[in-house]
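Working notes, beginning with the structure itself.
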């Protein structure tokens, strides 16, 4: 996609401000699809008619978490197993004069506009309906690089209510339209075509999810590091960066993005390999003489300490680590790397040699404009307690582990 001349984010925002549609495409490593996106404030019957005729996808409306709470838009399901964690709520129709079955272009346009109208309330809608709201993560594309977050971000940047219409664009044969077809759409209808990657870069230059709170020095058993504490504007958690040497020179930097594991990092739990990975990463950075370890407060792959301990109990009953999370209603891995990416950007890191076995982490960081020039494994020899855990991460979560684990169990 780098050889294609995409439109600027500024030009797309101006079109949305003027009530026009834009085409937004995401990364080839993710859904690799294009969506029509517009601000809910400017939706018309003509626009809905055009979208249903030309795009043929599902009409959805992206709303903020706050707006979803105001309108009591509850999750469509309690256990979301969507591949890309698309956060659907229960579908709705507007309760308003002239709205009948909810399916006409007038009915759907009215529902969409009312979802963005601050005067609307929970009782303004019937459930289920013909419009599908989606809850965007707080922080937008800086937290999740999806069309849902892009729709909210673009509407907000255009000075509209942070509620956006989006619809996937399908090919004539019903398959997903990819970049060549989307370029034809752009030329045929005179629409702007932008990428979520460019929107992330635009917001990274203008908006911050974290700020430096304090800097200090920390002598450790592995060496002395500069320690920088960050405060998140989104969840108000404190995250840390252990820094060795000059990491802002432009040369590739040895990097580890490590999520908190109190049981492993602090108490040397044998259930996981987290504590040993943390120690190994710090040793490797010290030996290198230059590098960063970002420590994110995402306990238990994002489910928190209490739920992690509940998952331990389920594992003792015979469930593996993925099944235990699913039994509790969670995806196998709820971590996001937007905050970690902003910390690395703040430190001046642009190219990295990433210490990880996790392919999701590679994709997650690359989505924020950071170049991973090399992936280095961080393998820990299994013990009799965590061998099945490591096998599960390899076999079910795609972790690139080539340790002396044996398939089975």
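Just so it is clear, glycine is given a Cβ too, placed from its N, Cα and C backbone atoms.
What Swiss-Prot annotates here:
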- 30, 31, 35, 144, 145, 146, 147, 148, 168: D-ribulose 5-phosphate binding site (BINDING)
- 31, 147: Mg(2+) 2 binding site (BINDING)
- 130: site 'Essential for DHBP synthase activity' (SITE)
- 168: site 'Essential for DHBP synthase activity' (SITE)
- 206-409: region 'GTP cyclohydrolase II' (REGION)
- 335: active site, nucleophile (ACT_SITE)
Exercise for review: Calculate the per-residue pLDDT averaged over the region 'GTP cyclohydrolase II' (206-409) and state the result as an integer.
Suggested key: 85
Revision key, fill the gap. Among the binding-site residues listed as 35, 145, 147, 168, the Cα nearest the Cα of residue 130 (site 'Essential for DHBP synthase activity') belongs to 168
Review point. On a count of neighbouring CB atoms within 10 A, which of the binding-site residues 35, 168 is highest?
Key: 35
Review point. Which residue, of the recorded positions 130, 147, has its CB surrounded by the fewest other CB atoms within 10 A?
Key: 130
Check your understanding: Reduced to three states, what secondary structure does DSSP give residue 145 (D-ribulose 5-phosphate binding site)?
Key -> coil
